[in-house]
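To start, the structure under review is shown below, and the notes come after it.
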Amino acid sequence: MASLAERHGKVIRLALPIMLGMLSQSMLNLIDAALVGHLGQVALAGVGVGGYAMFMMTALVFGLSSSVQSQTSQHVGAGSQQVSEPLQAGAMIGLAVGLPLSLLAWWQAPALLSLITQTPDVQSVATGYFRWRILALTAIALTLCFRGYWNGRQQTHLYLRIIIVVQLFNVAASSMLIYGLAGLPSLGANGAGVGTTLSMFLGLALWLWVSMTPARNTGVMASLPSFATLRTTFALALPHSMQQVCFAAGYVVLFWLLSRLGTASVAVGHVLVNLSLLLILPGVGVGVAAMSLVGEALGRDDQHGAHRWGLDALRVAAALLTFLALPMLMMPGHVLSIFFSSPELVALGTLPLQITGVMIVLDAAALVLAQALMGAGAQRTVMMLSLGMQWLLFLPLAWWVGIGLQQGLLGVWLVQLCYRLANSAGFLWVWQRKRWLVPGALNTV
């Protein structure tokens, strides 16, 4: 049996490309915003609104990645000859959902974006940008399937290589189309949408090329999937997609709540939320690696090994997140001064930032074990626990403490600290109960 150091090393080797790739992917909307920034605040606001709407649409197909990955890893562990069947099923579902959904969203773009902003100028820019971005929804759905498939086969380096090429192309194409360089038309904010959409199709083409090369082709698209695999893939994808949509909607409610506390609270809260979402990416990356390792172990019927992989990954994530949280805990003023020049805002955010640092560390169990449970096929359990904690515990208590008891931003962040602790404790409890190891008990807490 491999030593603890060897197991930790394997987790890190699988997780590192995923971490770097996710960090790069999280920069996609920021790149568009940075390139459009010189066009003025209306264009910048429009791209921000359109980007958020696109994020919500992408969340509807996001579950395909974990669904394909968990099944693929189990097939790999079992030595199955049908290892590519989950990819085939995911691709069929991606086409069946992505094409009509993108057409509907393109048609109803003005109505959809009017729910986010009521400013006519911003809405006009956002609609144009979003309509270009939504054309890539099907390509994104298929890309998620390929990413899940190759991550499930523990070829995580492919994701990093492809996303780097995609990002470089996106910067070049968007720059030329925004400002009309190299003889291309100047499209303004729409150019950012066109460039990003083209980069998504390039990414899909690269995934197809990689998957079809003789060295890696294992009958990826050689046959149609069985109805049973289609049903399983959809059943696993739906809860994760719904979880992503509701998770994002929860942040909309949080910012609405902060807006009731004043502009300063919104400004500080925006920075704290974005910092935390960025710094938890290593934990998510380790969790995605754990998904493959747990699924593979279950595929070869090694239940003890599957359970150990979850805890091994948790130790790695906890160490990484603790290291990343140290600057927020030890020198919060210096961190906040990067974003704010106002002493009042720095003072308002100091203690909440330190609380955010503690939250990131406490979040390790939820980040890792949620993904590990999905590797075992327990997507519905993850959805119920995550959304129950967010919508039934955190958001009502945040309203009561922050608004009702008038404890302001600090009160909301203390509630969030308790929520993160309870969330991680819940996932650790589910993991240690081991009911996810019993096929008949899957997707039950």
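Each residue, glycine too, has its Cβ placed from N, Cα and C.
The following features are taken from TrEMBL:
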TRANSMEM  12-31  transmembrane segment
TRANSMEM  43-68  transmembrane segment
TRANSMEM  89-109  transmembrane segment
TRANSMEM  129-146  transmembrane segment
TRANSMEM  158-182  transmembrane segment
TRANSMEM  194-212  transmembrane segment
TRANSMEM  233-259  transmembrane segment
TRANSMEM  271-295  transmembrane segment
TRANSMEM  316-340  transmembrane segment
TRANSMEM  346-370  transmembrane segment
TRANSMEM  382-403  transmembrane segment
TRANSMEM  409-431  transmembrane segment
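Residues 47-48, 51, 55, 151, 154, 156-157, 159-160, 163-164, 167, 170-171, 174, 196, 277-278, 281-282, 284-286, 288-289, 292-293, 313, 316 of the same chain lie 6+ residues outside the transmembrane segment (12-31) yet bring a C-beta within less than 8 angstroms of a C-beta in it. Across the candidate stretches 43-68, 129-146, 346-370, 382-403, the maximum count of CB pairs under 8 A to the transmembrane segment (409-431) is reached by 346-370. Contact between the transmembrane segment (158-182) and the transmembrane segment (129-146) is absent: fewer than three CB pairs lie under 8 Å, with pairs separated by 6 or more positions in sequence. Residues 239-240, 242-243, 246-247, 250, 253-254, 257-258, 260-261, 366, 370, 373-374, 409, 411-412, 414-416, 418-419, 422-423, 426-427, 430, 445 of the same chain lie 6 or more positions beyond the ends of the transmembrane segment (382-403) yet place their CB under 8 Å from a CB of it. Panel annotation: around the transmembrane segment (346-370), residues 264-265, 268-269, 271-272, 275-276, 279-280, 283-284, 286-287, 290, 310, 313-314, 317-318, 321-322, 324-329, 332-333, 335-337, 340, 382, 385-386, 409-410, 413-414, 416-417, 420-421, 423-428, 430-431 of the same chain, lying at least six beyond its termini, place a Cβ under 8 Å from a Cβ of the stretch.
Just going by CB pairs under 8 A, the stretch in 43-68, 89-109, 129-146, 271-295 that sits most against the transmembrane segment (233-259) is 43-68. Same-chain neighbours of the transmembrane segment (271-295): 10-11, 14-16, 18-19, 22-23, 26, 66, 69-74, 76-77, 151-154, 156, 251, 254-255, 306, 309-310, 313, 316-317, 320-321, 324-325, 328, 335-336, 339-340, 349, 352-353, 356, 359-360, 363-364, 367-372, 374-376, 413, counting only residues six or more beyond its ends whose CB sits under 8 Å from a CB of the stretch.
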